[in-house]
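Going by Swiss-Prot, these are the annotated features:
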- 1-29: signal peptide (SIGNAL)
- 33-38: disulfide bond (DISULFID)
- 53: phosphoserine (MOD_RES)
- 85-201: disulfide bond (DISULFID)
- 117: phosphoserine (MOD_RES)
- 218-226: disulfide bond (DISULFID)
């Protein structure tokens with residue numbers, strides 16, 4: 001095994017261990033707050049959420065690499081598979097400079113919309129991947145893990161929004177996933193094409209979420225001094 005592969009596995013394992021501590025009050029007790037309304041410091045909350053978002057991105061990237069290996073030489077398949085992601089309907093900023101121009105509370109709601117939009121598609125993806133006989137155990141386990149961790153990420157982002165910008169809660173817009181209907185009863189090629197594109201979109205969106213959260217931490221917690 002090459003050193004790059006070893007490093008990747010080591011980092012993934014570390015993120016898995018650390019993610020189990022996220023939002024765990026037993027491992028990280030929340031500070032005692034007046035009136036019993038306890039909240040952890042915003043910086044710590046950002047740190048935990050970003051650790052989890054990066055973990056999800058790494059899992060989705062690894063899952064896409066596993067799928068891509070199967071079709072790397074089939075250029076016709078890849079050309080057919082790649083289509084617009086349903087979340088493209090969300091007007092998310094392209095690049096750091098554009099994201100810097102978006103008010104923090106608006107960007108947080110966009111992040112929340114992206115993460116929330118994946119809840120049902122991830123549930124479908126787990127079922128679809130689990131039904132593929134040739135799917136590796138690694139792909140199946142990653143799909144299940146991402147589905148579970150996405151719920152926790154959603155919870156963490158909602159906590160950040162509620163603590164930093166409570167007046168902005170409820171302004172998120174969720175995309176409609178009509179392009180990804182159930183794959184039950186479709187032929188094998190159509191199923192594989194749809195799953196490939198769904199995982200590709202998952203990797204793209206999880207990378208966006210991870211980058212946006214890191215940018216927001218710098219702006220909100222460190223006043224752009226990072």
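From the backbone N, Cα and C atoms, a Cβ is placed for every residue, glycine too.
Positions of Swiss-Prot features highlighted on the structure.
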{"residue": "53", "record": "phosphoserine", "DSSP (3 states)": "helix"}
{"residue": "85", "record": "disulfide bond", "DSSP (3 states)": "coil"}
{"residue": "117", "record": "phosphoserine", "DSSP (3 states)": "helix"}
{"residue": "201", "record": "disulfide bond", "DSSP (3 states)": "helix"}
{"residue": "218", "record": "disulfide bond", "DSSP (3 states)": "helix"}
{"residue": "226", "record": "disulfide bond", "DSSP (3 states)": "coil"}
Cβ-Cβ distance under 8 Å to residue 218 (disulfide bond), same chain, at least six residues away: 224, 225, 226
Cα separation, residue 117 (phosphoserine) to residue 85 (disulfide bond) (Å, whole number): 11
Fewest-neighbour residue among disulfide-bonded residues, criterion Cβ within 10 Å, set 85, 201, 226: 226
Residue 117 (phosphoserine) and residue 201 (disulfide bond), Cα-Cα, nearest whole angstrom: 12
Intrachain C-beta neighbours of residue 53 (phosphoserine), sequence separation six or more, cut-off 8 angstroms: 153, 206, 209, 210, 213
